[in-house]
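Record features, source TrEMBL:
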- 20, 85, 86, 89, 111, 112, 113, 114, 115, 116, 117, 118, 119: 5-phospho-alpha-D-ribose 1-diphosphate binding site (BINDING)
- 115, 143: orotate binding site (BINDING)
- 58-147: domain 'Phosphoribosyltransferase' (DOMAIN)
Ligand SMILES: O=P(O)(O)OC[C@H]1O[C@H](OP(=O)(O)OP(=O)(O)O)[C@H](O)[C@@H]1O
Ligand SMILES: O=C(O)c1cc(=O)[nH]c(=O)[nH]1
């Protein structure tokens, strides 16, 4: 079975779903179904590694689903990680991004599923304000609903391991 077929079989749900962007959809990819399986997650990390652009210094996973993916990818890419919160922790270190310092570094954003690209755009803006250099993002699944185009307008090239088209065909 191909990786696309395995991922589709494991995480594709049908029904009515409200998405992060506020859109509604009749299909949803439950990323936690592939993230909870360490063997499948490792295969995903291995598949993502060739998509890491040359010159990348830090891999930054976005809360919450991007955290497991970034650790799996980092093992294969041999790069340090950061873990990016949706909101800065309001106590302790008050950090938005945990782990490796992103200031002045070339950072690859790592996401599980992309729909509109909105979450990557929000996190990229916040991290750029903090001094990170962000020109690329990777995701496991691109639903092909405008994310690539929206992110290109923000100066971010999206690289997907699997597209909706590949999952549909698997
Ligand atoms: O491209 P977008 O339109 O922004 O949609 C995709 C985002 O939505 C999901 O986040 P959610 O908040 O559901 O995720 P979590 O469970 O990973 O926190 C997904 O993990 C992406 O972050
Ligand atoms: O757009 C989203 O919120 C979304 C879509 C999807 O298929 N899976 C997911 O975890 N989030």
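Placed from the backbone N, Cα and C atoms, the Cβ positions cover glycine too.
On a predicted model such as this, the values are computed, not experimentally measured, just so you know.
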Binding-site residues whose CB lies under 6 angstroms from ligand 2, from 20, 111, 113, 119:
20, 113
10 Å Cβ neighbour count around residue 143 (orotate binding site)?
22
What does DSSP assign residue 20 (5-phospho-alpha-D-ribose 1-diphosphate binding site), in three states?
coil
Less than 6 Å between Cβ and the nearest atom of ligand 1 is the rule; apply it to the binding-site residues 86, 115, 117, 119, 143.
115, 117, 119
Round to the nearest Å and give the CA-to-CA distance linking residue 119 (5-phospho-alpha-D-ribose 1-diphosphate binding site) with residue 143 (orotate binding site).
14
Which binding-site residues are spatial neighbours of residue 143 (orotate binding site) here, meaning Cα within 10 Å, out of 86, 113, 115?
113, 115
Secondary structure content of the domain 'Phosphoribosyltransferase' (58-147), with strand meaning DSSP E or B:
26 helix, 31 strand, 33 coil
Could you please provide the mean pLDDT value for the domain 'Phosphoribosyltransferase' (58-147)?
98
